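Database features (Swiss-Prot):
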- 30-37, 57-61, 75-78, 142-145, 169-171: GTP binding site (BINDING)
- SER37, THR59: Mg(2+) binding site (BINDING)
- 22-190: domain 'EngB-type G' (DOMAIN)
Amino acid sequence: MSSLKAEFVVSSGKPDTFPSDRLPEIAFLGRSNVGKSSLINALTGHKKLAFTSNTPGRTQTINFYRVDEKFYLVDLPGYGYARVPAGFAEQWKVLIEHYLEFRETLKFSCLILDTRRGWMEKDLDLKRWLDHHGRPYLVVATKTDKLNQSEQERGLRAIRQEGVEPLPFSALSGRGVREIWQAITTTLQAR
């Protein structure tokens, strides 16, 4: 896939600093270090657009990336593991909840799971919240390249047990990029 025109716009720690241009937004949600930033980089064709790290909890604000001047990809802080004081973790939680509940320009979310780990309680809580509020989302199963074929199938089968069809993704091979874009563009065209 060729690179899209994509640019970092703002890193927001408060709702009043979110972009105000009313472009539609696609949110990337998941545990810390699950591959949200790597997925954004793969989707845009820019290896260093979104900062990636092997250290969980590096994304500590909501990061907005404008794509082709038409919409935003939004990288949210990961939930779960992060070496930060409890007060910061609570601030992230409040910020994320506010974004998901009140952001009118949020049109679609990618709920990202590590295929090796499957569903954790906080993932299930988020899935239930999205279902309850009628928010459209796609479950993306990352890190498939770290598993052999039978391990991949076992991980994907475990994810399917919650009644969703995960879309496998690999940052190394690009597996799943086209299908994820198809889901995003279908949603954007419908709204």
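Note: Cβ is positioned from N, Cα and C throughout, glycine not excepted.
Across all of the domain 'EngB-type G' (22-190), the predicted model scores a mean pLDDT of 89. Sorted by the number of other CB atoms within 10 A, the binding-site residues LYS36, LYS143 start with LYS143, the lowest. In the three-state DSSP scheme, PHE169 (GTP binding site) falls into the coil class. The 10 Å shell around the Cβ of SER37 (Mg(2+) binding site) contains 23 further Cβ atoms across the protein chains shown.
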